[in-house]
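Residues annotated as transmembrane segment in TrEMBL: 12-32, 176-196. The feature domain 'HAMP' is assigned by TrEMBL to 198-250. For 372-591, the entry in TrEMBL reads domain 'Histidine kinase'.
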Amino acid sequence: MNRIWNSIVGKLWATILLLVSFVLFIVSVLLLEFLGNFYGNQAENTLRQQAVTISKIVDQHEDPTASIYVIDDLLGEDTSAIIVDVSGKVVDAFHEEKNGSKIREILLNDKELSRVFGEDSPVVKEMNLPSAADADRLEAHSVLAAPLHEGDRLNGAVFVYQNMEAVHENIRQTNYIVLLSAFIAFVLTTFFAFFLSSRITSPLRKLKEAANSLAEGRYDTEVPTPQHDEIGDLAVAFNKMGRQVKHNLEVIGQEKEQLQNILTSMTDAVISFNRDGSILLTNPPADRLLKKWRDARKDKEGDIPDEITGMLNHVVMYSEEVEDELPLDGQYFDITISPLYSGSYIRGAVAVFRDMTEQHRLDKVRTDFLANVSHELRTPISMLIGYSEALSDGIVETEEDREEMMKIIRDEAMRMGRLVNDTLDLTRLESGYMRLYKEPTAVRPMVERIASKFIQKARDADITLKVDAAGAGEAIVDLDEDRIEQVMTNLIDNAIRHTPSGGTVEVKSSADDGLLEVAVADTGSGIAEEDLTYVFERFYKADKARTRGKGGTGLGLAIAKNIVESHGGWIRADSRLGKGTTMTFSIPFEER
Ligand SMILES: Nc1ncnc2c1ncn2[C@@H]1O[C@H](COP(=O)(O)OP(=O)(O)OP(=O)(O)O)[C@@H](O)[C@H]1O
Ligand SMILES: [Mg+2]
């Protein structure tokens with residue numbers, strides 16, 4: 001109920017009702033007052049008229065009987081009259097009922113009415129007289145006493161009286177009609193006012209509903225605009241606003257999506273921080289990074305490494321961009337943190353983490369490589385300089401010593417040449433510039449041919465060289481024979497070099513189930529377990545004593561690994577210190 005009074009319908013309705021009721025009330029009161037007076041006056045005037053006429057008739061008519069008839073006709077049904085002479089005696093009576101005598105008595109004894117004889121002017125009075133129907137009951141009557149003249153002389157009076165019940169009845173009827181009309185007007189107003197106010201407010205209600213649905217995110221909401229008044233204009237403006245809001249939101253959405261796409265497709269991790277260091281926004285790489293940090297910092301406080309927190313605080317405090325390269329949990333990051341402004345106030349910062357681990361690794365590889373190459377070159381160069389100086393200075397006396405020195409110089413120069421070649425090979429292999437010239441190659445003859453190159457060398461070192469390539473059968477494999485020869489040469493060379501005299505080196509080959517395997521096993525010094533995983537790294541030498549002549553450059557196995565892998569295969573080392581080593585490489589191939 002309270003709702004209706006809070007609504008415009010209610011207020012409008014109540015206002016119209018109040019206004020109309022007020023007007024109706026005033027009009028009814030005035031009308032009733034007016035009608036009451038009107039009827040009273042009319043009755044009095046009639047009485048007055050009748051009295052005047054009667055007095056004229058009495059005065060002018062010679063024949064009293066004729067005048068009696070005229071007067072009798074003249075008087076209305078409910079009007080009675082008595083004519084009295086100066087002494088107060090009743091001369092004539094008209095329309096008297098059974099209560100006539102009583103009324104006569106009352107009228108003649110009434111002091112006010114008897115003034116008619118003295119004042120010579122009519123006297124009007126409202127009084128209660130016995131009813132015509134029941135003489136004991138009093139009813140309201142209007143009485144008029146007018147003097148009668150004969151010439152200039154007063155010779156009596158006429159008392160005209162009328163029962164006012166009829167007049168009062170009239171007034172009551174009129175009142176009833178007036179009140180009924182007022183009531184009907186009120187009821188009709190009630191209905192029409194309600195109808196009117198609902199009609200005015202129904203478009204407003206629709207607008208309200210539309211505004212609500214707009215607020216709930218349904219931007220397609222349109223309000224009908226059938227009217228051409230202020231509310232119609234409002235509806236048009238509302239629809240325009242809705243379209244504008246929708247358009248603006250779409251534009252914002254597109255921009256957001258674009259930014260989101262950029263952020264998501266970035267390989268750098270982006271984290272946006274609040275002023276207090278809490279995280280506002282991240283992209284997928286940042287999520288992965290944060291997860292890693294979280295896992296790594298289980299027992300520490302906060303998700304973010306302290307270094308980052310420190311940088312953030314600096315950015316917020318000094319409002320300047322900070323850039324740094326930091327190792328974080330085993331990874332290297334190039335970190336840039338810039339302040340985020342809202343006006344001139346720093347509301348946070350955005351940090352970009354670029355993973356530099358790979359670059360860092362490559363950098364280290366490059367510097368290590370350079371260091372190793374220069375280290376490897378230094379020894380032979382100093383030897384070359386030393387021996388060649390000795391030769392040119394003529395310090396060497398015997399021909400034998402000179403020969404010996406010349407041989408050393410040649411060996412070292414060759415070693416340097418090999419180193420340079422190997423380095424070039426390795427760089428080409430690693431950078432992918434080395435091209436393989438694969439051709440269908442029969443495995444068995446290849447293995448036997450390469451192994452046979454080492455027969456003399458093995459014999460010199462007093463080592464038994466066994467070759468068993470029967471397992472390879474008739475297999476024909478697509479491979480770059482020169483490169484595979486490089487691999488096998490290095491493996492057999494290593495085996496012979498690391499096997500003492502009396503030992504055995506065995507080269508075995510098989511080709512089953514689409515897998516070519518070549519193994520070089522020796523009974524030599526073996527490789528310590530801690531070195532085993534590193535022997536394929538460049539410049540790695542398990543025998544730390546870089547004995548001249550015997551020692552290689554430490555690139556052979558790295559090159560072998562690269563070649564085998566570029567054939568789609570793999571290489572592995574099995575060894576036991578003091579017992580021997582088996583190096584095996586495998587290359588998958590398609591059987592024909
Ligand atoms: N059969 C083997 N027995 C024992 N140690 C070996 C054997 N093969 C390789 N090694 C160890 O692995 C290291 C690396 O071998 P790799 O062939 O790469 O270098 P290198 O033989 O010293 O030099 P390069 O082959 O370049 O002349 C060797 O220095 C050696 O210590
Ligand atoms: Mg070698």
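Every residue gets a Cβ built from N, Cα and C, even glycine.
Long-range Cβ contacts of the transmembrane segment (12-32) within its own chain (Cβ-Cβ under 8 Å, at least 6 residues beyond either end) map to 5, 174-175, 178-179, 182, 185-186, 189-190, 193-194, 196-197, 200-201.
For the domain 'Histidine kinase' (372-591), the model's average pLDDT works out to 89. Using DSSP to sort the residues of the domain 'HAMP' (198-250) gives these counts of helix, strand and coil: 39 helix, 0 strand, 14 coil.
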